[in-house]
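Take a look at the structure below.
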Amino acid sequence: MGSNQRIVITPGEPAGIGPDLVAALAQQAWPVELVICADPALLTARAQQLGLPLRLHSYRPEQPATPRPAGELTVLAIDTPAPVAAGELNVANSHYVVETLARACDSCLNGEFAALLTGPVHKGVINDGGLPFSGHTEYFAQRSGRERVVMMLATESLRVALATTHLPLLAVPGAVTRQSLDEVITILVHDLQQQFGIAQPCIYVCGLNPHAGEGGHMGREEIEVITPALDTLRAKGYNLVGPLPADTLFQPKYLQQADAVLAMYHDQGLPVLKYQGFGRAVNITLGLPFIRTSVDHGTALELAGSGQAEAGSIKTALNIAIDMIKHRNE
């Protein structure tokens, strides 16, 4: 995997299940050093609340990466300014959440870490704290100086990328342009090759409108925007199928041929994927200068500290990040 064997993890909202999931990760050994960017007192208290053993080591960037045995983690300490109670949001800690994201992102940009894994944040309380925040994907893109990144969610058998992300449905048609599709598909194909080891990815592309526009009778975006964009990329050797109606495309006989599906908007593609693999799916940001994976669920405040939070998604996200590091280093 190379000399850089550290993955930084941000637990996210301190009152949510993020700290629980980190404590769960610590219960097994991993082939990389996990560095948790968080308040060590928070991690210790939550592990004690859950009855899980946890020993913390201070992060020392000058020392070689050291994978820890079960029950131990490395922590890059950032303290919460206000007390944390499991399940109870506190707007006073919203700046802390963003500070952990900034520190982790900057440390990936300077090469300290091979990948970043994010736990769930609560966007509402961050915005209530006076920090405009629409999501991890947009935040990391802006901080990394990338104008275009791609959100992709993945299960063991399905990958769904999005042409647009957190936009009102009314704004989607205007955001789907020939240029935007060219940029999104170029990033998608490049990262499937470089980070997933797929030499010639086959991408199935959804139409925007019902029945993919029905020959222009239900919208003309497929004729005037999507098909011309795909034809231009096909001429460069890209393996693209579509645009196809989404309700046709998301059938097993089509999906088994696809390395990834490109949906035009958030709620076109993600309900299918989450129905198939909720709790086991992973959110991946493509197009960043570093590897970033995330859980596919929210903060689940009602489960924080209860011992009932499922760690399947964060474990899958960590395993995928490790695999992506291997492919990138090949």
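Start at 1 and count along the chain as shown; that gives each residue its number.
Cβ coordinates come from backbone N, Cα and C, glycine included.
On a predicted model such as this, the values are computed, not experimentally measured, just so you know.
Here Thr137 (substrate binding site) comes close to Val149, Met151, Thr165, His166, Asn283, Thr285: these same-chain residues lie at least six apart in sequence, with C-beta atoms under 8 angstroms from its C-beta. DSSP assigns Thr137 (substrate binding site) to a helix in the three-state reduction. Among the features that Swiss-Prot reports, substrate binding site is placed at His136, Thr137, Lys274, Asn283, Arg292, with the record citing sequence analysis.
Residues or ranges marked as divalent metal cation binding site in Swiss-Prot (evidence: sequence analysis): His166, His211, His266. Annotation note: His166 (divalent metal cation binding site) sits in a coil segment as assigned by DSSP.
A straight line from the CA of Arg292 (substrate binding site) to the CA of His211 (divalent metal cation binding site) spans 34 Å. Residue with the densest Cβ environment among the binding-site residues His136, His211, His266, Arg292: Arg292, by other Cβ atoms within 10 Å. Spread of the substrate binding residues is 19 Å (greatest Cα-Cα distance among His136, Thr137, Lys274, Asn283, Arg292).
In the structure as shown, the Cβ atom of Asn283 (substrate binding site) sits within 10 Å of 22 other Cβ atoms. Look at the binding-site residues His166, Lys274 and count other Cβ atoms within 10 Å of each Cβ; His166 has the fewest.
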